[in-house]
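Shown next, in structure tokens, is the structure this report addresses.
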């Protein structure tokens with residue numbers, strides 16, 4: 001039972017919740033039932049059907065409505081006298097600045113992405129407000145406490161990078177089903193239904209002068225008066241037939257690999273009678289574009305049935321046709337969405353046809369959707385446990401009980417008869433550029449790289465700044481904001497396309513740049529070191545940043561921080577998480593996690609040296625985790641317990 005003093009502290013606290021999804025619903029309910037009376041919620045999302053299995057504050061009738069607002073209404077039904085303030089907005093919006101954060105006693109995160117987490121962490125540091133972080137993935141979960149000057153901040157340790165695969169593997173030598181999914185989703189779907197002008201080499205695989213004129217043109221452009229059925233079969237024959245034949249010409253590639261089999265519609269499918277097309281058009285008629293389904297049109301009902309090559313080919317052609325018949329206005333601007341039934345059907349069928357060509361086992365639609373959306377299905381009870389732990393840590397923070405702070409990990413299997421592993425927080429990392437303001441070093445060719453490269457690849461992609469300001473001494477090189485004069489906007493835009501050494505205040509080796517984000521109130525120094533050459537495969541950005549806590553690669557293969565919308569031989573294609581139960585799992589090397597500072601290393605059966613991490617948090621697991629090719633999101637590294645020398649908060 002809470003004491004009178006504790007109850008008084010709880011009732012008088014003003015709490016900010018960021019995120020009203022899987023964890024957020026449980027957290028809001030637990031806060032309300034624990035006596036908190038002034039709660040603010042920020043969430044930019046609306047409710048989807050797929051949320052209803054775990055976000056219990058929502059019902060079918062709420063689909064399409066604001067999560068924050070509906071969550072408030074649901075909780076007020078059983079706690080009508082408390083104050084809940086919802087914000088249907090992005091936490092990165094300018095209104096949620098440092099002054100906004102200063103009004104709260106504690107911030108509680110239930111977010112689903114790294115970018116927003118870093119942003120909230122910086123605002124909490126700037127405002128001096130304690131932050132309680134959290135995350136879940138399946139049966140695993142964790143809660144961590146971050147208090148400025150007392151514990152490490154959220155960015156003191158390395159965070160995960162999205163799962164990536166080399167483009168050459170995706171386009172030429174797939175060996176896993178996930179490679180086929182990435183090819184179907186990020187290359188084929190994007191080429192057919194996304195931006196037609198994007199850099200995509202699906203239709204350019206040979207410079208052989210003997211190639212027919214048919215393949216010298218862009219086969220993805222539908223010809224005038226071309227029947228949809230003919231267009232679909234032409235696309236099928238090109239990507240699954242002709243492109244495979246071209247790949248087979250490079251005999252060196254297949255000396256140690258199984259050769260793929262070119263697939264053509266003439267071999268897989270008989271010509272379709274005209275009357276069947278008419279019947280299918282009728283079957284797929286609907287007023288709601290999002291409900292259009294190739295499966296329904298073809299009479300296939302169970303998403304867990306494994307389709308044959310013939311059925312996958314039928315689905316492929318039918319899905320492509322339905323996009324043109326029912327959703328033609330969207331073509332040219334579509335991106336893959338796991339909640340778009342027709343898109344999932346198209347990607348599943350395309351990936352399966354490619355898998356059949358390369359001798360890779362096929363997957364059903366349910367499995368393929370999980371891989372394409374990076375879905376690790378959520379467990380509602382894990383969310384409830386984590387929400388309870390968040391509230392417990394919030395109570396400790398409100399009472400300034402530093403000695404009782406704990407990072408707590410929820411495990412899938414007992415470790416020393418424990419499913420909850422409490423660990424004392426660590427002290428701030430003295431080399432953290434966020435909370436310790438340690439200078440960074442950037443190796444870059446100042447005679448070739450432009451200011452735009454520095455802004456996009458370093459300031460935004462790696463340092464996570466939203467509204468950056470860049471200075472060389474007293475010279476302002478770049479700034480963004482709504483209050484800029486038109487002439488300033490023009491000048492800064494012009495600077496972006498200038499080589500660093502040719503800027504009005506030249507940036508060369510030895511230059512120190514000051515980079516600041518006014519919204520986050522974060523400032524750091526970047527020491528510029530000129531370097532002539534870079535390894536195109538290992539250093540695809542053409543620059544190397546040192547002194548920060550980088551996102552770790554999830555594969556031993558090369559990775560890239562470049563925009564995944566453009567592809568070349570040195571880049572990789574990421575699988576991007578999209579929801580609070582869709583995650584990326586990777587390894588990192590933090591300090592030993594033990595339930596108490598006196599526990600011996602030999603007693604630790606959960607070694608955090610090979611901790612798995614996701615966009616919903618870092619969760620420790622055993623020092624060896626079997627790699628699961630079917631989900632392709634678990635990577636293993638053997639831990640080394642002797643290398644950890646971080647200090648815990650006393």
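Using the three backbone atoms N, Cα and C, a Cβ is placed for every residue, glycine included.
As given in TrEMBL:
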type	residues	note
DOMAIN	3-432	domain 'THIF-type NAD/FAD binding fold'
BINDING	19-24, 43, 51-54, 67, 112-117	ATP binding site
BINDING	153, 156, 432, 435	Zn(2+) binding site
ACT_SITE	168	active site, glycyl thioester intermediate
REGION	261-295	region 'Disordered'
DOMAIN	442-534	domain 'Ubiquitin/SUMO-activating enzyme ubiquitin-like'
REGION	554-582	region 'Disordered'
REGION	595-650	region 'Disordered'
COMPBIAS	621-632	compositional bias 'Basic and acidic residues'
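Neighbouring residues of the recorded Zn(2+) site, listed in sequence order and excluding 153, 156, 432, 435, comprise 125, 152, 154, 155, 428, 429, 434, 436 (Cβ within 8 Å of the Cβ centroid).
In the structure as shown, the Cβ atom of residue 43 (ATP binding site) sits within 10 Å of 25 other Cβ atoms. Shown are the recorded positions 153, 156, 168, 432; of these, the residue with the fewest other Cβ atoms within 10 Å is 168.
Distance noted between the C-alpha atoms of residue 435 (Zn(2+) binding site) and residue 19 (ATP binding site) is 24 Å. The two recorded residues, residue 53 (ATP binding site) and residue 153 (Zn(2+) binding site), have Cα atoms 33 Å apart. Here the binding-site residues are 112, 115, and the one whose Cβ sees the fewest other Cβ atoms within 10 Å is 115. In this structure, the CA atom of residue 432 (Zn(2+) binding site) is 29 Å away from the CA atom of residue 43 (ATP binding site). Annotated pair residue 153 (Zn(2+) binding site) and residue 115 (ATP binding site), C-alpha to C-alpha distance, rounded: 15 Å. Of all Cβ atoms in the shown protein chains, 28 besides its own fall within 10 Å of the Cβ of residue 22 (ATP binding site). Cα of residue 168 (active site, glycyl thioester intermediate) to Cα of residue 19 (ATP binding site): a distance of 38 Å.
Residue 435 (Zn(2+) binding site) is surrounded by 22 other CB atoms, counting those within 10 A of its CB over all protein chains shown. Summarised by DSSP class, the composition of the domain 'Ubiquitin/SUMO-activating enzyme ubiquitin-like' (442-534) is 24 helix, 30 strand, 39 coil.
The predicted model assigns the domain 'THIF-type NAD/FAD binding fold' (3-432) a mean pLDDT of 87. In this structure, the CA atom of residue 156 (Zn(2+) binding site) is 22 Å away from the CA atom of residue 19 (ATP binding site). Here the binding-site residues are 19, 53, and the one ringed by the most other CB atoms within 10 angstroms is 19.
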